[in-house]
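Everything below concerns the one structure shown next.
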Amino acid sequence: MSGSIRRSYTAMQNFPRFLLGVLFVATLSSCRPRLSEDEANWKGQTETSEVEEHLLLDPGNALRLFCDTNQSSSINWYREQERLLSGGKIRMVGTVLEVSDVTYEDSGLYICVVRGTGKILRRFSISVVDSLASGDEEEEEEDDDDEDGRREDTTADINEEPVYFFQAPYWTQPSRMDKKLHAVPAGNTVKFRCPAGGSPLPTIRWSLKNGREFRGEHRIGGIQIRHQHWSLVMESVVPSDRGNYTCVVENRVGSLTYTYFLDVLERSSHRPILQAGLPANTTARVGSDVEFYCKVYSDAQPHIQWLKHIEVNGSHFGPDDFPYVQVLKTADINPSDVEVLHLRNITMEDAGEYTCLAGNSIGLSHQSAWLTVLPNEDFLEQAEPAESRYMDIIIYTSGFLAVAMAIMIVILCRMQTPHSKQTLQTPTVHKLAKFPLIRQFSLESSSSGKSSAPLIRITRLSSSCAPMLPGVMEVELPLDAKWEFPRDRLVLGKPLGEGCFGQVVRAEGYGIEKDRPEKPVTVAVKMLKDNGTDKDLSDLISEMELMKVIGKHKNIINLLGVCTQEGPLFVIVEYASKGNLREFLRARRPPTPEDAFDITKVPEELLSFKDLVSCAYQVARGMEYLESKRCIHRDLAARNVLVAEDNVMKIADFGLARGVHDIDYYKKTSNGRLPVKWMAPEALFDRVYTHQSDIWSFGVLTWEIFTLGGSPYPVIPYEELFKLLREGHRMDKPSNCTHELYMLMRECWHAVPTQRPTFKQLEHLDRILTAVSEEYLDLSMPFEQYSPSCEDSASTCSSSDDSVFAPDPVPSSPCVFNYHNIHSQLGT
C-alpha cells in the first residue's frame, strides 16, 4: 500500500515536467515552417506554365496580394522558396498577404500553395525600385525620361510576353545600348547603362578590362553604381579614365555581359572664339528697339559681358589707356542668355560703341560694333523753335559769367602774392604727427622687439639736414645695435621701382657679410617718399620689426640691416635679380607659332614641369616657416613672390602680414582695398584671416604657376565672383597641370577651412618633384592664351584686379610699395 502511494506521489511530481516538455515540442512544431510535404510538391512544379503577375512598387509602399481559391483548405505563402510567416511587417489574413513599408530586399517571386497538397495557385513577381541616393538627385532630365521610358517599355513587355518562374537575364532595352564607344571632353560626366530583366531579378556589377570588379576606390573622385537604373556614373572624367567598362548581369539561371569603351578628349586650351561679323554695326531712329548679337564658342566655361564705351571728363580713355566702359549685361552660368543685348526705346544718348567681352580661364576675346542713332523729323521741328527762343538768354548769361570769373581771378591773384613771398623765406620742414608706435609682437627675440617704449621720437628735421636722396622723409628711431648698418658703408644705385608712398633702390653694401667686410653685396633698400603719411611710416616700421622677429629662411626675403640714425629710415633686404614670380613665368612662356622665328621674342629659358612643381614646393616651404612663426601673410600671390639666382623662390610683401601669438586668426576691421581674387571666402565675407586662408591663396598661386602667370577669374566682376564662390564654383584645371596637382588645388579651395591641407602637408610636393623628370610634360605649346588681352597692372597694391577694362579711374590703395618697373620688381 505504501509502495503504491509512493509511486503515485512520484508520478504526480513528474507530471508538470512532462506537461512542460509536451508544450515546448508543440511550440517548436508550430513555429518551424513546414517545408516537407507541400514544399516538396510545389518545388516539383517550378517549370509549369503558370503565368506570373508582375508588380512594380516604390520603396515605402504597401504590398497586398490575393490568392483566389474556391477551396476550403488553407494556404501557405512563399518568397523565393522560403516560407513566409506572420510577424513584423508581414501579415496574413485568410488568402491575403500584406507586406508594409516594402524595400528593395522585398523584391522577388511570391507564390501561394495549397497546404498539404503543394499545389501552386498563384505566382507574383514583385520588383521594388530602390530609392535614389542623395548624390543621385542631380540626375539629368534626360535620364529621368529614359527611366520613365524603361518602366513603360517593361510594362509593355510584361503584357505582351509572359515571364516564367525561372528565366535567364535578358536586355530590356537593347536599342539604347547600340553606342559602344563614348568620346567625351575631359571634365564631363559619363553614364553607362545595361537595363536588364530576368527571374529571379538579376544583379549587376561592373568590371574593368582586366576582369576585376570596378569599385569606387579604384578611381579618384569615386563612382556611382545605381542598381535601380542599371547604370554606372563617373563625374569629371580625366584621360586616365580611358578604357573598357563591362557590365555583368546575372542571376541563378545565367548571366550576360556588355562592354563599353570610353575615350576622354583633352579640352581645347584656347580663349573664347567669337563669330566673325558679330556684333554688327547698326543704324536706328530714336524710339526704336535694337538688338546686338554675339556668338561665343568656348570649351571651358565662358564669362560674357556687354559693355558700352562712355566718356569721362571729356575723354574716352583713362590714364592707363584703358577705355571707360559701363557694364550693361553680365552672365556666366547660362551664356546663351547674354549672347543677345536688347536696347529698348533708344535715345540719342544710346549712340556709341558697344563691346561683347568673353573670357575663360585661358584668356579674353572681344569684338565691338557701333550704334548710330538718327533723330526723328518731328523731334527736329519741335526743337528748332525752342532753340531760337532761348538763344538770347544763353548769350547774355554766358557773358555775365565770363566777366564775374575774370574779376574773381584778379582778386585771388592779389591775395596770393604776399603769402607766396612769405613762403619762400620760410625753410621747408617735414612734420610728423605726435603718435607713439608700440611694438605689437610678443615673440621671443634678441632684438629690440621686447621693448615696449615708443619707437619714434618726434623731431623736426629742417632742409639743412639734407637727406641722401631728394624728397625722402626722415625720422629718428632708437638704435638697435644688432641690426644697425653704417650708412656710409651703403652705396645707393639706380631705383628699382616706386609705389604708393615708397621707393626701392638698388645698392651695394660693404660689410653685409661679416667675414668679408670689403666685399660689396648687392642689396635692395626701401625708404619712404615725402608724401608718405604717418600710417605709411607706421606700416614700414611694423614690417621692419616683423622681419626682425621672423628671422631668416631660404624661401623668404630676409632682412639684412637697417639705417635708423642720422638720416632717413632705410630698410635693407635681399636683392632678387629675376623679379617677381608672375613676370618671371610670363617671360618664359614658349613663343607663339608666329613668333617662333623671331629671335627677340624667344625666351632666355624654358620651364619644365619639374621647374613649376619646384616653384610651388619652395613657396610651400617658405609659408610653412612663416606659419611656424605664427605669421599670417594675407596677400600670398605670384606678384609677391620674388625669384633670386638659381631660381630660388622668396616670399615677399609683408605689408599685409600680421604676427600673432596668443591666437591663430586675425580679424580685419578697416575697410581698405584687398586682393579679393586671392582671398578665401571667410576672409572675403567675415574679414577673418587664418593660416587656412593663406592655404586658399596658395591654391590660387599654384594655379598662376601652372598657367605661367595667368590671371585668375578673368573678366568676372567682384560682385559676380562673390556669388560664384558662395555657390561652390572653382577655376578650371590648367591644361599643363596633372590631375593630382589639380586635386591639391581643389583641396586648398575647400569651402570648410579646417578641411584644407596644412603647409606642412603641402611640403609633400617634394614627392612629386622627385618622381618626375625634366621631360615629364611638354611645355612647348604656345602660352599666349593665358594672358589677358591687355597687360595686367604691375602694381603690387592689393587692389589689382587684372580687368581688361577699367570702369572708372581708381586711386592707388595704401600699400607698402607699388613698383612700375615690374621686370626688376622687389616687393615688400
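For all residues, glycine too, the Cβ spot is worked out from N, Cα and C.
For L496, G497, E498, G499, C500, F501, G502, Q503, V504, K526, the entry in Swiss-Prot reads ATP binding site, with the evidence type sequence analysis. Within 10 Å of the C-beta of E498 (ATP binding site) there are 16 other C-beta atoms, taking all protein chains into account.
The disulfide bond annotation in Swiss-Prot covers C67-C112 (among others) and is backed by sequence analysis. In the three-state DSSP scheme, C67 (disulfide bond) falls into the coil class.
Sequence-distant neighbours of C247 (disulfide bond) (same chain, 6+ apart, CB under 8 A from its CB) are F192, C194, I204, R205, W206, W230, L232, T257, Y258, T259, Y260. Residues or ranges marked as disulfide bond by Swiss-Prot: C194-C247 (among others).
When other Cβ atoms within 10 Å of the Cβ of C294 (disulfide bond) are tallied across all protein chains shown, the result is 24. The feature disulfide bond is assigned by Swiss-Prot to C294-C356 (among others), with sequence analysis given as support.
The feature domain 'Ig-like C2-type 1' is assigned by Swiss-Prot to 33-127.
According to DSSP, the secondary structure content of the domain 'Ig-like C2-type 2' (169-259) in residues is 13 helix, 42 strand, 36 coil. Marked as domain 'Ig-like C2-type 2' by Swiss-Prot: 169-259.
Annotation comment: Swiss-Prot describes 272-372 as domain 'Ig-like C2-type 3'.
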Rounded to the nearest Å - Cα separation of V504 (ATP binding site) and C67 (disulfide bond) = 95
DSSP helix, strand and coil counts for the domain 'Ig-like C2-type 3' (272-372)?
-> 7 helix, 51 strand, 43 coil
Cα-Cα distance linking L496 (ATP binding site) and C112 (disulfide bond), given in Å to the nearest integer = 94
Tell me the Cβ neighbour count for L496 (ATP binding site), meaning other Cβ atoms within 10 Å of its Cβ, over all protein chains shown.
-> 23
Would you report the average pLDDT that the model assigns to the domain 'Ig-like C2-type 2' (169-259)?
-> 85
For the recorded positions C67, C194, V504, which one has the sparsest Cβ surroundings, going by other Cβ atoms within 10 Å?
-> C67
